[in-house]
Amino acid sequence: MPEIKVTPLGAGQDVGRSCILVSIAGKNVMLDCGMHMGYNDDRRFPDFSYITQNGRLTDFLDCVIISHFHLDHCGALPYFSEMVGYDGPIYMTHPTKAICPILLEDYRKITVDKKGETNFFTSQMIKDCMKKVVAVHLHQTVQVDEELEIKAYYAGHVLGAAMFQIKVGCESVVYTGDYNMTPDRHLGAAWIDKCRPDLLITESTYATTIRDSKRCRERDFLKKVHETVERGGKVLIPVFALGRAQELCILLETFWERMNLKAPIYFSTGLTEKANHYYKLFITWTNQKIRKTFVQRNMFEFKHIKAFDRAFADNPGPMVVFATPGMLHAGQSLQIFRKWAGNEKNMVIMPGYCVQGTVGHKILSGQRKLEMEGRQILEVKMQVEYMSFSAHADAKGIMQLIRQAEPRNVLLVHGEAKKMEFLKQKIEQEFHVNCYMPANGETTTIFTNPSIPVDISLGLLKRETAIGLLPDAKKPKLMHGTLIMKDNSFRLVSPEQALKELGLAEHQLRFTCRVHIQDPRKEHETVLRVYNHLKGVLKDYSVQHLPDGSITVESILIQATAHSEDQGTKVLLVSWTYQDEELGSYLTSLLKKGLPQSTS
């Protein structure tokens, strides 16, 4: 029986370091190749030795697919391709291909140049890795090889994020990456057609959360920022360079404009310009409103938001700063946090998910004394707020996607075990499909029962509907025809068309049944009696007595011969074609009942 095997090397009952191996119909595909933000040693990368202990990985993988540019989905890519060794194709969308190297280089600078870490990829490795990337368009079917094909669907979440369908023959898997089922201020909602994959691999970051209305959250966010600024405090909003950052910038920009506020808003240097550039370049990936108004006004050119200089952090008075990265695990956001943490007037607003091990996760868990580098203790007096502006699907969104795609099986990744368990039960109850949640390194085997698509010729369809009643949508309809297999595809055509295409002559298959009749008369007299009997009974049929002494009823032939041993018995040979099976059987049973007694 065909099977699909799935092994998470990262994001199995965990968030961070997304990397999932899928084996489908003899093809091996790696989905994402991320880095874990909670570790500073080798554990930050997935364990690629699972694929092979020695030798390059190219021999074991048919392709790699990257869903979007966040580092927990693409951060290990240069390490994987250049240090471990992979030369095969890497697929991602055009915006992901453009933005991915910028974020990788940013992170490399923080890790290597500032922290001095070794066993990390170089700038050249990032460039060499990106040369192996093949960029894909949405809804474009890409043929990886003769049998393996992939297709990208819009995922919302961040600019360029995509869900991917992987198909080999009749078997298919859909991998969601990270997605958002509700549109926001700059991106549309994720969408997929009713593709009915054998397996849907979905993220489950917010497996147990159903978010309140977006408007309430936005109002709450603006109120907290406004109150802090009014009392002279500073607000730090840790974000990743692209995505949620633009969402919140648009929100604050319009609020500052409306309220005529004067407190400065800053954004990490350099990244705003880059973000603007890419949002202009890939405007088709944003939502309808931004696309419509883009010619008159670029939503991403902010009047109130200025580039940040690190010296500004020490300026007196209120300010709002968007700084990267979003989990307070390194970089500018962490530096500013250390400076402002000791003042209760200040506030840090965490707008998204933080993985375990990061400073963001620690303060959200209520820790107020943090051990920083060099065993230095940092006391957190500033207010800590968590406001979910996450671009991930919540429980309702995940259920909605399952309803849209109609998969035969579901597998959960990118979430916490307890929350996954709850969602798993909910999915199984509501959709009556198997749901799996493997841990890292654990292989799940899913047996598939692939359906084989068959094209039906128009002529055959017309003929079937002409002779039958209107089809009932709820009941399967039987189709009679000839199945032709050619170039790995199946077609159902009429027998006449099949004969014509294949250059064959039709052979008639006839069935013959012997019926014994007690009649001492001569054979030609018996035939005449049979003819008169059938003529009287079968008034709606053409019954003929032929010169050679045989009888026809439509295409059915009846002949009479004497019994070899009993002169008083005649043998009737009733012969019919397969098409006249019903009439042939009826005639046979009629004759077996015998002939009516003659009056002569």
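Keep in mind that glycine also has a Cβ here, set from the backbone N, Cα and C atoms.
As recorded in Swiss-Prot:
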{"type": "MOTIF", "residues": "68-73", "note": "motif 'HXHXDH motif'"}
{"type": "BINDING", "residues": "His68, His70, His157, Asp178", "note": "Zn(2+) 1 binding site"}
{"type": "BINDING", "residues": "Asp72, His73, Asp178, His414", "note": "Zn(2+) 2 binding site"}
{"type": "ACT_SITE", "residues": "Glu203", "note": "active site"}
{"type": "MOTIF", "residues": "469-479", "note": "motif 'Nuclear localization signal'"}
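Annotated features taken from Swiss-Prot, shown on the structure.
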{"residue": "His68", "record": "Zn(2+) 1 binding site", "DSSP (3 states)": "coil"}
{"residue": "His73", "record": "Zn(2+) 2 binding site", "DSSP (3 states)": "helix"}
{"residue": "His157", "record": "Zn(2+) 1 binding site", "DSSP (3 states)": "coil"}
{"residue": "Asp178", "record": "Zn(2+) 1 binding site", "DSSP (3 states)": "coil"}
{"residue": "Glu203", "record": "active site", "DSSP (3 states)": "strand"}
{"residue": "His414", "record": "Zn(2+) 2 binding site", "DSSP (3 states)": "coil"}
Long-range environment of the motif 'HXHXDH motif' (68-73) - Cβ separation under 8 angstroms, sequence gap at least 6: 11, 15-18, 32-37, 93, 95-96, 99-100, 103-104, 107, 155, 157-162, 177-178, 240, 242-243, 355
Check: same-chain CB within 8 A of Zn(2+) 2 site center, minus Asp72, His73, Asp178, His414: Ala11, Val15, Gly16, Ser18, Asp32, Gly34, Ser67, His68, His70, Gly177, Glu203
Tertiary neighbours of His73 (Zn(2+) 2 binding site) (same chain, Cβ under 8 Å, six or more apart): Ser18, Asp32, Cys33, Gly34, Ile66, Ser67, Gly177, Asp178
Other C-beta atoms that fall within 10 angstroms of the C-beta of Asp178 (Zn(2+) 1 binding site): 29
Binding-site residues near Glu203 (active site) (Cα-Cα within 10 Å), from His68, His70, Asp72, His157, His414: His414
Between His414 (Zn(2+) 2 binding site) and His68 (Zn(2+) 1 binding site), the C-alpha gap once rounded to whole angstrom: 14
Intrachain C-beta neighbours of His68 (Zn(2+) 1 binding site), sequence separation six or more, cut-off 8 angstroms: Cys74, Thr93, Thr96, Ala155, His157, Val158, Gly160, Ala161, Ala162, Gly177, Asp178
